[in-house]
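Asks: Starting off with a structure, shown below.
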Amino acid sequence: EVQLQQSGPELVKPGASVKISCKASGYTFTDYYMNWVKQSHGKSLEWIGDINPNNGGTSYNQKFKGKATLTVDKSSSATYMELRSLTSEDSAVYYCARGYGYDPFDVWGTGTTVTVSS
C-alpha cells in the first residue's frame, strides 16, 4: 500500500521556524516528485513547491520563496519542509502529495497542522 506519513501537529511562536516531514512507503521513492501544498482555513489549496528525490532539485511557487525550504533524505525515503519567520498567516494544514509534472497528485499525505500563536 502506498502511504505518505507526515509528522504530527506543531504549535510554534511567531518568528520561529518549523520543519515537518513526509515519509513515503509502498513504492519506489525516486520515481515521483514530492509536492507540498498549503490548506488555510476557508481558502483554496496553494502549491508551495516540489522536490525531485533523485537529486534534491526544487521548484517553488514564487509566493513561498524565502518562506519554505524543501529537502530530501533518500536513505529514509523522506522529504522535509522547513518554514521560517512564521506568522499567523502561516497557520494551516500542510500536505505532501506525490505527483509529477502536470499530472494530478495521486497520493496525499496525512497532513500536518501548524499553528502559529504566542
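Every residue, even glycine, has its Cβ placed from backbone N, Cα and C.
Annotation source Swiss-Prot lists disulfide bond at Cys22-Cys96, citing sequence analysis. Marked as region 'V segment' by Swiss-Prot: 1-98. According to Swiss-Prot, the feature region 'D segment' maps to 99-104. Feature annotation from Swiss-Prot assigns region 'J segment' to 105-118.
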Asks: What counts of helix, strand and coil residues does DSSP assign across the region 'J segment' (105-118)?
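Replies: Final tally across the stretch: 0 helix, 7 strand, 7 coil.
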Asks: Considering the disulfide-bonded residues Cys22, Cys96, which residue's Cβ sits among the greatest number of other Cβ atoms within 10 Å?
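Replies: Answer returned by the neighbour count: Cys96.
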Asks: Going by DSSP, is Cys22 (disulfide bond) part of a helix, a strand, or coil?
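Replies: DSSP assigns Cys22 (disulfide bond) to strand.
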Asks: From the DSSP assignment alone, can you count helix, strand and coil residues within the region 'V segment' (1-98)?
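Replies: Computed counts for the region 'V segment' (1-98) are 12 helix, 52 strand, 34 coil.
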